[in-house]
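Everything on this sheet refers to the single structure shown next.
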Amino acid sequence: MLPSQALLLAVVFALAALQALASDTFIAAVYEHAVILPHPTQEPVSPSDALALMDKNMDVLEGAIKEAAKQGAHIIVTPEDGIYGWRFTRESIYPYLEDIPDPVVNWIPCTDPSRFGPAPVQERLSCMARNNSIYVVANIGDKKPCDSSDPSCPRDGRYQYNTDVVFDTQGKLVARYHKYNLFRGETQFNYPKEPEAVTFETPFGKFGIFTCFDILFYEPAVVLVSKMQVDTVLFPTAWMNVLPFLTAIEIHSAWAMGMRVNLLSANTHNTSMAMTGSGLFTPEGPAAYHYDSATEEGHLLLAELSTHPCLSPTYPPAINWSLYATSIKKFPGENDTFSGPVRKDIFTFRELRHKDGNYTVCQGDLCCHLVYQMSDKRKDEVYVLGAFDGLHGSLIKYHWQICTLLKCPSTNLSTCGQPVEMAQTKFEMFSLSGTFGTSYVFPEVLYSGVQLAPGEFKVLRDGRLKSKHGTSKPLITATLFGRLYEKDQPHPLRISL
């Protein structure tokens, strides 16, 4: 063999080795977008006016996509409602919709834009992906005609769906997902007749996708992970933050840890609607996150993630969430409790009156146990241990089991459960557990200023949520958030479908 041939083979093998190494990780990006909104109107605007607004938003998204690609990102997620906003009736959103085909048609809108009729938004998104060699995830509206042969066909002769689309590095449409769990205000859209478990393969893992409110339900969120076994979930959202348990970064990070999967969460940014909080979340905690309630600016996040989290040496073990809590006796003083609302959910609380202690509080089938030690017991701050076991929601009712160590807004116990963003008390240690009747439990720790606590807590195999050392910042809440999907009530707006 000639020396030059040997050198060439060595280079080839080296490149192959580097490629194999690189395939263990990938660079992911999400963009939190301050959406340019249309003027509220009951009447449809012209198609040209609708496209003009969408182009303004896509100009911003294209800048983020170019920057992400420049920094080496393989995929970028943009938010729900990120192209046209949310101020619509069923009629007024129609000019913003396009016919989005099933990806089996093998279509690259960038090179064949008119194949399925006018599709300027899909064409532009496809070209963004193709021109920057990056997977692009976006949320737009789909329209599908129907007629009287379909008994569920709306009176206006069409279905309208809140829809996620994914374009690969060639600009090909590789995924389309119709949102299954619509939030109460999304009257401009229809419910799909059946939930869709949408997945697709990439050189850097198997991906699934769903939208915003979907994350709180079994279908499609849990199905994608437990049955379809995806590595990473793509999550466009327009999430309105609700303290103390449902801020975007808090619940989305907890969901990724509880389901032991990557979650790429891209939120819209609108402080008047309490919308902020995006992140690149992993089974071990947040790789990167952003929360900004002070400005009206968008933000790009990037992080290197494991292609197959379950093969990582740091992949967390399966948890028996009730093992510890069911093995111990209740701590004394259970009768020293009071009731209080977290929004409309009535919790059973017990005040933490001492600097340290062991406490139990029960509600329904759930008993929550807490061992803790504060750095200092302040007279101007009150913390409680709380338990909730019941249905949450007014129209759509779904079952929660929650154990929480929670700061109250004031020393008046009647305020416990109301939103609070700031605290001054740090904890030397805490250990929280509960007799959960489900394997779907999501661990949350939130610090003062609505900040996460990456690397500062752990979940033991017996179900205890424990601080590793002490809290580096004052604590707002440490929570175990359980979902009993089998106890959810039938969806009232989907029964007739």
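Quick reminder: no glycine exception, Cβ is built from N, Cα and C everywhere.
Feature annotations, courtesy of TrEMBL:
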- Glu80: active site, proton acceptor (ACT_SITE)
- Lys179: active site, proton donor (ACT_SITE)
- Cys212: active site, nucleophile (ACT_SITE)
- 31-307: domain 'CN hydrolase' (DOMAIN)
- 1-22: signal peptide (SIGNAL)
To the nearest Å, how far is the Cα of Cys212 (active site, nucleophile) from the Cα of Glu80 (active site, proton acceptor)?
7
Would you count the other C-beta atoms found within 10 angstroms of the C-beta of Lys179 (active site, proton donor) for me?
26
The residue listed as 'active site, nucleophile' has how many other Cβ neighbours within 10 Å of its own Cβ?
27
Neighbouring C-beta atoms (10 Å sphere around the C-beta of the residue listed as 'active site, proton acceptor'):
27
Quick check for the class: what is the C-alpha distance, in angstrom and rounded, between the residue listed as 'active site, proton acceptor' and Lys179 (active site, proton donor)?
10
